[in-house]
Structures are given as C-alpha cells and as structure tokens.
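Taken straight from TrEMBL:
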- ASN13, GLN47, ASN65, GLY75, ASN76, ASN153, ASN186, GLU204, ARG205, GLY214, THR215: substrate binding site (BINDING)
- CYS74: active site, proton donor (ACT_SITE)
- CYS74: active site (ACT_SITE)
- CYS213: active site, proton acceptor (ACT_SITE)
Amino acid sequence: MQIAFTKMHGLGNDFVVLDARDHALPPLTGDVAAALADRHTGIGCDQLIVIEPSDRADWRMRIYNCDGGEVEACGNASRAVGLLIGGAVTLETKGGLIATRPHDNGIAVDMGEPRFEWDAIPLGYAMDTLAMPVGWPVGDGALENPVAVNVGNPHAVFFVDDPYAVPLAEIGPLIENDPIFPERVNVNVAAVTARDAITLRVWERGAGITRACGTGACATAVAAMRRGLVDRTVTVTLPGGPLTIAWDDHNRITMTGPATISFTGSFDWGDYA
Ligand SMILES: N[C@H](CCC[C@H](N)C(=O)O)C(=O)O
C-alpha cells in the first residue's frame, strides 16, 4: 500500500508527516513509527507526525518520537502542521488543545498553559519544581537544581554558563531516564544572555539531541521567567535558529517561528509494517 508523506522541519528538527485527514492509515504501531524514523533504513526524522480527524478540534496531531513512543506535544511540528494545513487551525494533541496561525515570522502557535505542580510534570514525589533539590555529576562539576515544567510534555531546565560546554550526549540520557521522572523527561541546558535572550540546547526524550525543540524553548522561557531572569517575551536561540516565546497575562504561551516543507514522497507501507 503506497502512502504519501511530506518531509518537513522546524529549525532543523525534522519530521515525516502523514496526512490522514481524508483517508485512514493502516494501524500505526511504535515499531512502524521507529522504522520510518530510522535515518539508516527508513525515511529518517526526529518525530513522525500523523494528522487525522478530531471531534474536539479542527484536526488531531499524533506525535511519535523516533524511538517509537507516542508523546503529548511537539512545538516545531505544530508549526509544520499549521503551515501544511494553512490558515488558523486548532489541533487536538495528547497534551491538550493548541492553535496555529500564520505570522509574519512563520507560524505562531498558542501552546496553552504551563504546569509546574510536581505531579503534573510528573515527578516521582513532591518537591519544589522551581529548583528541584537534585543533581547529576558532570565532569568535575554537576548539573543541578533544574526547573521542572510541563508544556504538554515534561521538561527539566538547567541554567548553565555555556550550554555548548555541557557533554549533553553523555548526561542527557542519564537524566532523561532517571526514575525521578516517571514518564522520562526532555533535558534542556540554557544560558540567559539578556533580559530578552536565551541560548538553548536540548536532549529530547525519545529522540536525543535535536537541532531545535519547540516545547523545550517554551519550557525554558517560562522557567527563566518564573525565576525572574528574563522578561515575558524572549528570543530562544537553538542550534537550528531562533524562536520567539511569549507568556501572556492569561497564562498562555505563544511560540513563533519558521516551518519548512523539505520534499514530498511516498513509501510502501509493507516495507515497514
Ligand atoms: N521529544 C519530545 C517530543 C518532541 C518535542 C520537540 N521536537 C518539540 O519541537 O517540541 C517529547 O518526548 O516530549
């Protein structure tokens, strides 16, 4: 069975997008998602995205990390789907309802409200989420006291002097899989460089180091705002480029940035299932 796909990215965080708005796909399992996402034997991407009908929003967006796990949110993919569909779009995700609209700087996404309660992250037990009383040894120092925040998906945000000096490939998986995070976690290492500027790198849950992470940018921005380190609109610069994040007086996060269609193609479902 031939299936069409659109290859897309947001600042280099890339996606294989399957459009099932007017026809159902064959049953999609985590194994099929991981096979399609494999950069050696599949099409290759950080996340596999499926657009399908919804009875709660215009459409439903399903997100599979390249490890095959289905997850709640993906900021960069939200912009990609918004670009693909066009106009103002509401999307149902496992992490809640979001809304996209065209913007002068690409696509703007209402990412909803951040959650800071320990059991909403979730964490394994009650603790201060503004500075978790934990640390992980790194070299002759440590990554410690992260902010924990849920922006549809779980994030730990560490503020450091230089994100590019952190051995993220080494420490990322250890933190991602620490039992203190029952649903694992996305690991953000960030430096505040001005009241309106943050530099960020991300080890993504189920995907590893990516060139950009939209939810990571949202999580890091509101974490910095909660600590009083930045104003309520900031530019978060990732390896793939900048995103603008605003946290408004109605407690809603807006993320604005580019989305790109790379190419279209098709594959035989039988090659992967
Ligand atoms: N790895 C993330 C999902 C993708 C998030 C990232 N690609 C983004 O743009 O937000 C998670 O497991 O929660």
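Glycine residues also receive a Cβ, built from the backbone N, Cα and C atoms like all the rest.
Cα spacing between ASN65 (substrate binding site) and the residue listed as 'active site, proton acceptor': 12 Å, rounded to the nearest whole number. Sequence-distant contacts of the residue listed as 'active site, proton acceptor', defined as residues of its own chain at least six apart whose C-beta falls under 8 angstroms from its C-beta, comprise ASN13, GLY75, ASN76, ASN186, ASN188, LEU200, VAL202, GLU204, LEU238. Between the CA atoms of THR215 (substrate binding site) and the residue listed as 'active site, proton donor' there is a gap of 6 Å.
Neighbours of the substrate site: apart from ASN13, GLN47, ASN65, GLY75, ASN76, ASN153, ASN186, GLU204, ARG205, GLY214, THR215, residues of the same chain with C-beta atoms within 8 angstroms of the site's C-beta centroid are ASP46, ILE63, VAL71, ALA73, CYS74, ALA77, VAL202, ALA207, THR210, CYS213, GLY216. Each of the binding-site residues ASN65, ASN76, ASN186 was scored by other CB atoms within 10 A of its CB, and the lowest score goes to ASN65. You'll find the Cα of ARG205 (substrate binding site) roughly 11 Å from the Cα of the residue listed as 'active site, proton donor'.
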